[in-house]
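Okay, structure first, notes after.
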Amino acid sequence: MIVLKLGGSVITDKDRPETLDGEALERAADAVAAALEGGVEDLVIVHGGGSFGHHNASEHGVTTAEGTRDAGAALDIHGAMTTLNRFVLSRLLERGVEAVPVHPFSAGHRDVEGDLELPTGQVATLLAEGFVPVLHGDLVAHAGAGATVVSGDELVTALARDLEADRIGLCSTVPGVLDDDDAVIDRIAAYEDVADVLGESAATDVTGGMAAKVQALLTLEAEASIFGLEDLEAFLAGDEPGTTIDSS
Ligand code: IP8
């Protein structure tokens, strides 16, 4: 099983609120459709927010830790993400991909510690029935805090762990994890390898910066790749483009 994250900044125009990067989204959808036609099975897609969701969340002061108990605010943020999800689904459907939505707001929650609980039975069953489940960064109920943001990266980690993914791909705006000279680092086996480039600690990096991504991916059994849109097809074909993160 492959978990593929399409970065929000890849598929939207980050500078303009609620604007797609239509060309990039179509390119990503083309690559997914081609891979499925070429025999790839069991693909779960997660997309981020980019210019959808983030500005709504910041207008309402909502983060992964700071919640809201205002239903209007919750609907505003969740609604922006479901709007983007519709666009992603429609580009996939147009290409014959059997893509269906799974909205984390209706499925998951955080406990009082902020730890994410995400049931995955529906995702596993959809996969077994031949669908391509498409999840997205969203809000989730958060014990003691109302509703808080769940990022696409957190969903990727939870899905990969629970469904025992074979491969994880993060399609990003950069071609991989970059070193001080902006060259792509080929392989990361331990955080110490990159601590001087990415910073010693990812503790303050809760919203999906590279340090947090790498640290989260290092905790997983499966090999993960971080790559740019130009390498999505290669990743889905089984190559290891960009940076490979493998702690095994
Ligand atoms: O772009 C963001 O998901 P991300 C979700 O993966 C919201 O961090 C609601 C801002």
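Glycine is treated like the rest: Cβ placed from N, Cα and C.
If you check TrEMBL, you get these features:
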| type | residues | note |
| --- | --- | --- |
| DOMAIN | 1-220 | domain 'Aspartate/glutamate/uridylate kinase' |
| BINDING | K5, L6, G7, G8, S9, G209, K213 | ATP binding site |
| SITE | K14 | site 'Transition state stabilizer' |
| BINDING | G49, G50, H54, G152 | substrate binding site |
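Here the features listed in TrEMBL are placed on the structure.
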{"residue": "K5", "record": "ATP binding site", "DSSP class": "strand"}
{"residue": "G49", "record": "substrate binding site", "DSSP class": "coil"}
{"residue": "H54", "record": "substrate binding site", "DSSP class": "helix"}
{"residue": "G152", "record": "substrate binding site", "DSSP class": "helix"}
{"residue": "G209", "record": "ATP binding site", "DSSP class": "coil"}
- Task: In whole Å, could you give the widest CA to CA gap in the substrate site formed by G49, G50, H54, G152?
- Result: 12
- Query: Rounded to an integer, what is the Cα-Cα distance in Å between G49 (substrate binding site) and G7 (ATP binding site)?
  - Reply: 8
- Can you grab the distance from K5 (ATP binding site) over to K14 (site 'Transition state stabilizer')? Cα atoms, rounded to a whole Å. 17
- Name the secondary structure element type, per DSSP in three states, that contains K14 (site 'Transition state stabilizer'). coil
- The rounded CA-CA distance in Å from K213 (ATP binding site) to G152 (substrate binding site) is 11
- Item | Listed binding-site residues (K5, H54, K213), ranked by Cβ neighbours within 10 Å, top entry | K5
- From the recorded positions K14, G50, H54, pick the residue whose C-alpha lies nearest to the C-alpha of G7 (ATP binding site). G50
- Query: Within the set L6, G7, G209, K213, which binding-site residues show a CB-to-ligand 1 distance under 6 A?
  - Reply: none
- Cα-Cα, S9 (ATP binding site) versus G152 (substrate binding site), nearest Å, comes out at 12
- Message: Looking only at K5, L6, G7, G8, S9, G209, K213, which the record lists for ATP, tell me the maximum pairwise CA distance in angstrom.
- Response: 15
